[in-house]
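**Student:** Among the features that TrEMBL reports, coiled coil is placed at 234-289. Sequence annotations record features per position, and here TrEMBL assigns transmembrane segment to 12-32, 44-73, 102-123, 143-163, 192-214, 306-325, 367-397, 409-429, 488-512.
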Amino acid sequence: MADQSLLSESVLGWSIFTFILLVILAFCWVYIRKFQSRQESEVVSTITAICALAIALITSALLPVDIFLVSFMKYPNGTYKEWAVNNETRGQIEDTVLYGYYTLYSIILFCVFLWIPFVYFYYEERDDDNMNKCSQVKNALKYTVGFAIVCVVLLLIGAFVPLEAPPGQNSTQWEKVQYLFEELGSSHGLPALSFSISTLTLIGMLAVITYTAYGMSVLPLNLIKGTRSVAYERLENTEDIDDVEHQIEKLKTKCKDGRPLSSRDRNNLQELEGKLQVLQRRGRHLEIAERNCCTKVGSALRPFKILLGIFFILVALLFTVALFISNLDKALHSAGISSGFIVFGTNLTNPLNELLLALQPVFPLDYILITVITMYFVVTSMAGIRNMGIWFFWIRLYKIRPKKTRPQALLFLCMILLLIVLHTSYMIYSLAPQYVMYGSQKYLVQSQMPSAGPTSGNATFGTTRICDADAPEDQCTVTRSYLFLHKFWFFSTIYYFGNWAFIVAFLIGLVVSCCRGKKSVIEGEVEADDSDLSDDEYVH
C-alpha cells in the first residue's frame, strides 16, 4: 500500500513537470520563430536557441517540483505519509530531485561553455564566402576551447575548495592531501558543480540587475500606457515625408545651373535621402499595421491590458518590498559578511512568505503561486532584453526585433536567459526564504500538561508547527535547491549586495519608464540600418 502511494505521489509530481515541459517546448518554438530573421535564419542556430531557451525554462520549473515533492511527504497534521516514514524512501526521492538538478545544471554548463559558443563562432565564420565547412568547424572549435578551459578550471576549483576546517598546522603533507581527496569524493562532485554554477550565477546576477529589474518596470507600464494611434502616426509620418522632400528639393535647386554642391550640402543631401527612405518604409509598415487584424484585436483588448499592467506593477512592488524586508532581516539578524548573511528562518514579517504559507491549506494554490513567481521573473527578463537589446557595457551589440533578430543575437539572448534563470532561484529564496527551504511541511511538537481528570499525572499533547530552522532534522526535509544555493558562503555575500543593487535598478527603471511616452505601434520594425528587402518579411 505504501509503495502504491509513493508511486502515485511521484507520478503526480512528475506528470505536472512533464505537462509543463510540453508547454515550454511549444512556447520556445513560437518565441524564437517570432523574433528570428527570415533572411538570416540558419537551422543549427535555430535549434540551439530553441533548446537553450527550453532548458532555461525547464530549470526554472524544477524549483516548484522540488518544493512540491518535499511538501507531499507529510500530511497537514505534521506526520509523514505511510510511504515516506522510511528514511531510505525519503532519501530516494531527494536523490531523484538532486539528479534532476545535476542533469539540468550540467546541461547548462555544456550549453554556456561549449555548445552555444561553438554555434556562435561557427555562424560568424560563415560570413567568409571563401571558407569551407571543415575550416568553419576548425575555427569554431579553436575559439570554443577557451570556454572549455574556463569550465574545467571552475570545476577543479570547486572540487578542491574545502567546505570544512582543514587539518591543523601540525598535520603532515600526506594528511592534507588525503583531506582534499576526501573532500572531493565525499559529496559525489556536488561542490565542483555547485561552484561552477555559482560562478555563472554571479554573471546571471548582473543580467538580473540589468534586464530583469528594467523589465519589471517597463512591461507593466507599456501595457498601461498602450501604443500611439496608427492613424495619427500615419498623418505625422506623411508630414515628415513632405518636410524632408521639401528640404531635398531645396538643396537640389542649388545645382540646377550646373554648379556642384559643396561637401557640406552633399552630406546633408545624403542624410536627407536616407531619412526619406526610412520614412517611406515606416509609412508602408504603418499602412500594413492599420489593416492588420492583430492591431484591431489589441485595441479591443485595451481594458484587459490596462488591468494586466496594473496587476504586474503591483506584483513588482510586492516583490521589491519582500526583497527589501528579506535583506533588512539579513542585515539585522545575520552574523554578517563572514557567514554569507545567512538567516535561518524569518525574523521580520515577509508578505510574500506569509502569503505562500497562508495558501498551503488550499491545495495547490501555493504551488501555482510559486510557479507564477518563477515564470514572472523569466517573462520580465525577456521583456527587459527585448526593450534594451544586448549590450556589452556601453556598446550595443544586437537588437531584439520581431522577424529581424540575427541568429547571433538569439544565441546571446538564450545564454543570458540561462544565466538569469540560475540567479532566479536565489531571488525567489530571498523573497520567501522559509517556504523555499521547507515548502508546506509541518511537524509535531510533543508537550506535557497536567491532567484535569481525577487521576493525577501529565497528559501528552501534540502541537502542529510550520517547519523552520528550529525543527528537528528528522522531521523536516530541506529542498535540494537550498543546498545548491548555500554551498559557499562567499557567493551568498555577493548575492546579498546584488539584491540591494536590484532594488535600486528597479526604482531607476520605474522612473525612466514613467517619463517615457507611448510606444509606436510598429516599435522596432523600422531602423535606419535595415535594407528595403527586409520589408518583404512583413508584406508577405
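Residue numbers in this text run from 1 along the chain shown.
Using N, Cα and C of the backbone, Cβ positions are placed for all residues, glycine too.
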**Student:** Give me the stretch from 12-32, 44-73, 102-123, 409-429 with the greatest number of Cβ pairs under 8 Å to the transmembrane segment (488-512).
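**Tutor:** Selected stretch: 409-429, with the most Cβ pairs under 8 Å.
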**Student:** Considering pairs 6 or more residues apart, do the transmembrane segment (192-214) and the transmembrane segment (102-123) have at least three CB pairs under 8 Å?
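**Tutor:** Stretch pair touches.
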**Student:** For the transmembrane segment (409-429), what are the same-chain contacts with Cβ under 8 Å, counting residues 6+ beyond its ends?
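**Tutor:** Same-chain contacts beyond the ends: 32, 35-36, 45-46, 48-49, 52-53, 55-57, 59-60, 63, 108, 111-112, 116, 119-120, 123, 197, 200-201, 203-205, 207-208, 211-212, 323, 370, 373-374, 377-378, 381-382, 385, 390, 397-400, 436-437, 481-482, 484-485, 495, 498-499, 502.
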**Student:** By Cβ distance under 8 Å, which residues at least 6 away from the ends of the transmembrane segment (306-325) in the same chain are close to it?
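**Tutor:** Long-range Cβ neighbours of the transmembrane segment (306-325): 216-217, 219-224, 226, 348-353, 373, 376, 380, 427, 430-432, 499, 502-503, 506-507.
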**Student:** Let me spell it out: take the transmembrane segment (102-123), skip the flanking residues so only those 6+ beyond its ends count, and list any with a Cβ under 8 Å from a Cβ in it.
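**Tutor:** Non-local partners: 42, 44-45, 48, 51-52, 55-56, 58-59, 62, 136-137, 139-141, 143-144, 147-148, 150-151, 193, 196-197, 200, 407-408, 411-412, 414-415, 418-419, 422, 484.
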